[in-house]
Amino acid sequence: MDKKQREDSQKHEKFIHYADGSSLEEINNTVAIPKNAGFWKTLMAFMGPGALVAVGYMDPGNWITSIAGGAQFAYTLISVILVSNLIAMLLQAMAARLGIVTGMDLAQMTRAKTGKKMGIFLWIVTELAIMATDIAEIIGSAIALELIFNIPLLWGVLITAFDVLLLLLLMKLGFRKIEAIVATLVAVILFVFLYEVILAQPNMGDVVRGFVPSPRIMTDKKMLFLALGIVGATVMPHNLYLHSSIAQARQYDRDDVAEKRKAIKFTVIDSNIQLTIAFVVNCLLLILGAAMFYGTNSDLGRFVDLFNALQNKEIVGSIASPMLSLLFAVALLASGQNSTITGTLSGQIVMEGFVRMKIPLWARRVITRGLSILPVIIFTVYYHGNEAQVENLLIYSQVFLSIALPVSMIPLTLFTSDEKIMGPFVNRPWVKYTAWFVTIVLTLLNIYLILQTVGLAA
């Protein structure tokens, strides 16, 4: 046994060990890219990471906001979803470029530039954000299980704890298979809502006019608050760490500028395609809300309310059916399961990057899910399985996402605008100034949303 094999053997024997290598070593540089292939074949080889990133833009937390936006204000807020998606494309492209150019993910680069104490602080903040995301997915999955299989909410919450078994299976299949499974679940969500929107028969003229920003958005207080909710949820902090890492999964020459440029090109195309799908899903949700519920005065602030409304002919008319409700619940479950993968990978990335500590992925999942599931169980037991009260926890958990947002966006913009770090791949002036404008605006919006959530804003 040579020295490297002995080191690898000792590494696997330890439960916790020092992470001083490449980002997510399990998947880094593992996906082959065909040599001298054409555009489409090369693009297919790079497709995948974007799907994992897009999951964060169509999570259950966004569903309620989008459907409520349509139900209350018809198609007016489609323009807000469009602007939000363009912002997401910009920031995710920057995150991927940072990873490909430097060979470090955002957490590693932040730790390298700030030091150990700041690294620990940023790790704690980011872990809270990941837990907040996990809480939302636990609630979404548990409610979906209750709606589909009539499983009591508490049992549904406990069942979600065993998704670590799913993760173990997926990691054995390889990263390319994981990407394919996530993309399939995204497709399920897309086609469920596309089918339901086709049945709803929206006025396409009104839909198209919704892409043009309306002055009412700034003058109507309720509309403005919902618009802020849509924009404020645009960037999931952990997505920037995730993308800066998994963009390095492809095999390319790390020292060749032309190879890096090629990797950036195809990675950004993949990201933009998948984020466009997320944009379509969010538009479909808003259109569904407008076509089925606008003018009905229905309370659609909860998943259960939506589920019941889709089979109520007094609300949605003749197209109401249990099948519509079932498909909605299936899409909700698919969204929750996607987080099993992305949440765990993000958690591992920030742990390795900020505190340079590495544990097995299955253990990482058990710890994150264990900490996230406790408040959900407490809420569920205390409120006797009342879905409305449990969903309030989802709303409160989003505050942590808002707090963590500047922690990821500010370093990302700083690093990608630094020529010493990025070399010829540094942000162009228009990208730099746009990114800073977006960072400041989103940070202020999230502060306002936090104040609104806790009842302090006017």
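In case you wondered, yes, glycine gets a Cβ from its N, Cα and C as well.
Under the heading transmembrane segment, Swiss-Prot lists 38-58 (among others).
Residues annotated as transmembrane segment in Swiss-Prot: 86-106 (among others).
Annotation source Swiss-Prot lists transmembrane segment at 119-139 (among others).
Taken from Swiss-Prot, the feature transmembrane segment applies to 151-171 (among others).
The transmembrane segment feature in Swiss-Prot is assigned to 180-200 (among others); the stated evidence is sequence analysis.
Beyond the ends of the transmembrane segment (223-243), by six or more residues, the same chain brings 49, 52-53, 56-57, 59, 61-62, 65-66, 68-69, 72-73, 76-77, 80-81, 83-85, 87-88, 91-92, 95-96, 99, 105-107, 126, 129-130, 133, 216-217, 271, 342-343, 345-347, 349-350, 353, 398, 401-402, 404-405, 407-409, 412, 442, 445-446, 448-449, 452 to within a C-beta distance below 8 angstroms of the stretch. For 223-243 (among others), the entry in Swiss-Prot reads transmembrane segment, with the evidence type sequence analysis.
If you look up Swiss-Prot, you'll see 275-295 (among others) marked as transmembrane segment, on the strength of sequence analysis. Long-range contacts of the transmembrane segment (275-295) within the same chain: residues 50, 53-54, 57-58, 62-63, 66-75, 77-78, 81-82, 85, 88-89, 92, 186, 189-190, 193-194, 196-197, 200-203, 206-207, 309-310, 315-317, each at least 6 residues beyond the stretch ends and with a Cβ under 8 Å from a Cβ of the stretch.
Annotated transmembrane segment per Swiss-Prot: 315-335 (among others), in sequence order, evidence recorded as sequence analysis. Sequence-remote contacts of a segment are chain residues at least 6 beyond its ends whose Cβ falls under 8 Å from one of its Cβ atoms, and for the transmembrane segment (315-335) they are 55, 58-60, 63, 137, 140-141, 143-145, 147-148, 185, 188-189, 192-193, 195-196, 199-200, 292-293, 296, 298, 303, 306-309.
The transmembrane segment feature in Swiss-Prot is assigned to 370-390 (among others). For the transmembrane segment (370-390), the list of distant contacts is 131, 134-135, 138-139, 142-143, 146, 152-154, 157-158, 160-161, 302-304: same-chain residues at least six beyond its ends, Cβ to Cβ under 8 Å.
The transmembrane segment annotation in Swiss-Prot covers 395-415 (among others).
Here Swiss-Prot flags 436-456 (among others) as transmembrane segment.
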Point to revise | Candidate ranges 38-58, 119-139, 180-200 - greatest C-beta contact count to the transmembrane segment (86-106) (under 8 angstroms) | key: 38-58
